[in-house]
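S.K.: The structure that follows is given in the form of structure tokens.
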Amino acid sequence: MLEKFQELNISEVIIRALNEMGFEEPTPIQAESIPVAMAGRDMIGQAQTGTGKTAAYGIPVLEKILAAPPSKEIQTVILSPTRELAMQVAEEMNHLAQFTPIQALPIYGGQDMERQLRRLRKCPQIIVATPGRLIDHMKRGTIQLSHISTIVLDEADEMLDMGFIDDINLIMGATPETRQTLLFSATMPKPIQELAENFLHDPKIIRMKAKEVTIDLIEQSYIEVPDRQKFDILCRLLDLQEPDLAIIFVRTKRRVDEVSEALKKRGYSAEGIHGDLTQAKRDTVIRQFRERTIDILVATDVAARGLDISGVTHVFNYDLPQDPESYVHRVGRTGRAGQSGEATTFVIPREIEHLRTIERLIKRRIQRRKAPTLSEALEGAQQTAIRNLVGAVESGEYGTYKENAEELLSNYDSTALVAAAIKLLTKEPDTTPVKITEEAPLRVRTSRRQGSGRGNNRRRDHSQHSGKQHDGQRHFHSKGNRDNRKKDTGDTARRVFKPRKKEHKEPTRSVFKPYFKD
Ligand SMILES: Nc1ncnc2c1ncn2[C@@H]1O[C@H](COP(=O)(O)OP(=O)(O)OP(=O)(O)O)[C@@H](O)[C@H]1O
Ligand SMILES: [Mg+2]
């Protein structure tokens, strides 16, 4: 069953792990990238969201360490734009390496330094780091990159964007010239690819020839709706569509707080995540969502990239994202590993041009839908109640209720009884008043690219950072206040050597998907 992996000359210890993880066959990006990366070449790998890019670079990284003489030095750095992704990638690397002595350690801001140092003393061969915290360690002398043989930029276009480029320059500059560099992402805008080539030696570019940028397992639609009506429409959609797990992306941290509070007020099980929360809170929220203790995650773009949470059936763009690439990553939190998913985007009338820009990027039309009316929502909720009732009848597990049912039937009309049962089971649309502050629409602003490449001295200024400046045409900005336009990673929006907040708890992720074909 694992022959195709074996044909890629992958070591038996890793094949055993793949078997354990339920991977039977390489995905296309794995089949193409693994031989190139294992041959030692620099490369850029671009493939749709949820198609296994982590193992596409992870397996070659492990093979290289296995082939090298044993060493106590860090041999591979994997850079990640967010803390949660760093944790997830380290965990996937440790799964892949479970039958080897190789260890991957996540290194990110918000985590207790002492604890990190203790773990570093155990000499992990791989660190998966957010740039800010890695630089802290470099400056303290607690991490040296002089023995690095491979560096991976996961979400490479994001890492090479304005908000990270100075950090990346610094990190790259501390690694040996001979290092192998691997870049992966689902999106790779041209100007960023050009910039990337400054860090790469004769790279092989592997781009999966997908017809579409977004995966066709994701059904995509949009609803034109004024900002003040978004929340009620969202509730109706949640009632109608009954997601297993849903992620709602909003534009600002304030909105995360307001929308998640409002959802809770109306009886939904929701929590919010953004970069201003403590790491302990961020960890708890992500863990609860992975464990399905909560069904709805309200997030800024901090959760847009890379997160692999099984069971996310629905993504809602409550607000359009700041840049079109974000759309691809946000909707890509569903439809992963061969599963299907649904993505609904709210567009206020004045933002329709932005939607067209997204459509041009993804080379597909996003289907327009009408907002469900209150009576449609009620009808939908009734249908759900009926389905649940019929399901209970068909399951036959109501024996202990039979006696009471018979007594009721002898006193009341059967239709009246069933109707009352449906009414009680129906979650009628809740109109509890909530407070959501109105947001200004996005607007197009043309901005010029400000140079590129190694040694380019653009300073990152997070108080002013307003997103990508590489491509004026595809870049949109919010009219909202500056603070709202900062990139919300929780790690980038800060200066090096700021004191850190305390302790975190590492969530576990142990969801393995069966083989899938994409
Ligand atoms: N060959 C395989 N067979 C089965 N499952 C796989 C295989 N490769 C990866 N997976 C699973 O597919 C899911 C998606 O993988 P991964 O997170 O690496 O995607 P990605 O391409 O990095 O997506 P994104 O662009 O969103 O970061 C994960 O749960 C992973 O364990
Ligand atoms: Mg990924």
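Using the three backbone atoms N, Cα and C, a Cβ is placed for every residue, glycine included.
Here's the feature list from TrEMBL:
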- 433-442: compositional bias 'Basic and acidic residues' (COMPBIAS)
- 456-467: compositional bias 'Basic residues' (COMPBIAS)
- 468-494: compositional bias 'Basic and acidic residues' (COMPBIAS)
- 3-31: domain 'DEAD-box RNA helicase Q' (DOMAIN)
- 34-206: domain 'Helicase ATP-binding' (DOMAIN)
- 217-379: domain 'Helicase C-terminal' (DOMAIN)
- 433-518: region 'Disordered' (REGION)
- 3-31: motif 'Q motif' (MOTIF)
S.K.: Using DSSP, what's the helix, strand and coil tally for the motif 'Q motif' (3-31)?
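M.R.: DSSP classes over the motif 'Q motif' (3-31) add up to 18 helix, 0 strand, 11 coil.
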S.K.: For the compositional bias 'Basic and acidic residues' (433-442), give the DSSP counts of helix residues, strand residues and coil residues.
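M.R.: The composition, in the requested order, is 0 helix, 1 strand, 9 coil.
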S.K.: Near the compositional bias 'Basic and acidic residues' (433-442), which same-chain residues lie under 8 Å Cβ to Cβ, leaving out any that are not at least 6 residues past its ends?
M.R.: 227-228, 230-231, 251-252, 254-255, 258-259, 261-262, 265-266, 319-320, 322, 348, 350-351, 354, 476-480
